[in-house]
Amino acid sequence: MLSYSEWKHVFKLDPAKAISDEDLEHICESGTDAVVVGGSDGVTLDNTLNLLARVRRFPVACALEISNIEAVTPGFDCYLVPTVLNAGDARWITGLHQEALKEMGPALEQEKVLAEGYCILNPDAKAAALTEAKTEQTDEDIEAYAAMADRLFHLPIFYIEYSGTYGDVRMVQEARKALQEARLFYGGGIRSKEQAAEMAAYADTIVVGDIVYEDIKKAIQTVKAVRP
Ligand code: 1GP
């Protein structure tokens, strides 16, 4: 199984959304590099465990993106911890993380845990509202956020997030220029193989979410764009 630094394409599955066994098989056997389990609403320990068990029937890497501390369970290949660098509410930058570590600090030694420095750029995304993200950002702002994630805080992942809408490729290009070590993730509104290829030209990893629940065939085609 590939480690996060080799991922070019991942599917993000929301444990709160229903997916048939057949569609899940298509996703897991599509040639994608990993399945990331994560969502913003209604994520529970029950639905997380259920999806983990179903994905585990296939030989694909499976990561948990933590949004809710009650839903964290052992058994994933790695754990992604978002910190929203452009959040207006500081709880989403360090607050919830510090609270979580009070309870779960020892788990850091035992599990593969990776911080993701998010920059949320779609003002209509649920996560933007929740974190009060400052989504109006210029090219220079993005370059500086990327440099901050990469060389100041040494985060392993910088994530340009347009969840729900296809983003501005210029922002991904700006981030690309500024990054030296961190992996660049792009996610948001990828609904075709052309869009997948366009973002994958600059991002190390593209994240494909909603289309899985809207058009499974189109979702699978996004893999071919980056893993022909
Ligand atoms: C969401 O970046 C991911 O966190 C993927 O976005 O659901 O819009 O594909 P979509």
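Positions of Cβ are set from backbone N, Cα and C atoms, glycine also.
Noted in TrEMBL for the protein shown:
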- K12, Y159, I160, E161, Y162, S163, G164, G189, G209, D210: sn-glycerol 1-phosphate binding site (BINDING)
- D14, S40: Mg(2+) binding site (BINDING)
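All features noted in TrEMBL, drawn onto the structure.
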residue : record                               : DSSP (3 states)
K12     : sn-glycerol 1-phosphate binding site : strand
S40     : Mg(2+) binding site                  : coil
I160    : sn-glycerol 1-phosphate binding site : strand
G209    : sn-glycerol 1-phosphate binding site : coil
Task: For the binding-site residues K12, D14, S40, Y162, G164, the one whose C-beta sees the most other C-beta atoms within 10 angstroms - done: Y162
Open item on the list: Suppose we screen the binding-site residues K12, Y162, G209 by Cβ distance to ligand 1 with a cut-off under 6 Å; which survive, in sequence order?
Closed with: K12, G209
Task: When distances run from the Cα of D14 (Mg(2+) binding site) to each of the binding-site residues I160, Y162, G164, G209, the nearest one - done: G209
Task: Rounded Cα separation (Å) that holds between K12 (sn-glycerol 1-phosphate binding site) and S40 (Mg(2+) binding site) - done: 12
Task: Cα-to-Cα gap, I160 (sn-glycerol 1-phosphate binding site) vs S40 (Mg(2+) binding site), nearest whole Å - done: 16
Task: Candidate with sparsest Cβ neighbourhood (10 Å radius) among I160, G209, the listed binding-site residues - done: G209
Task: Pairwise Cα distance maximum in Å, sn-glycerol 1-phosphate-binding residues per record: K12, Y159, I160, E161, Y162, S163, G164, G189, G209, D210 - done: 17
- [ ] Round to a whole number and give the Cα-to-Cα distance in Å for the pair G164 (sn-glycerol 1-phosphate binding site) and S40 (Mg(2+) binding site).
- [x] 12
- [ ] Using C-alpha atoms only, work out the spacing between S40 (Mg(2+) binding site) and Y162 (sn-glycerol 1-phosphate binding site) and round it to an integer in Å.
- [x] 14
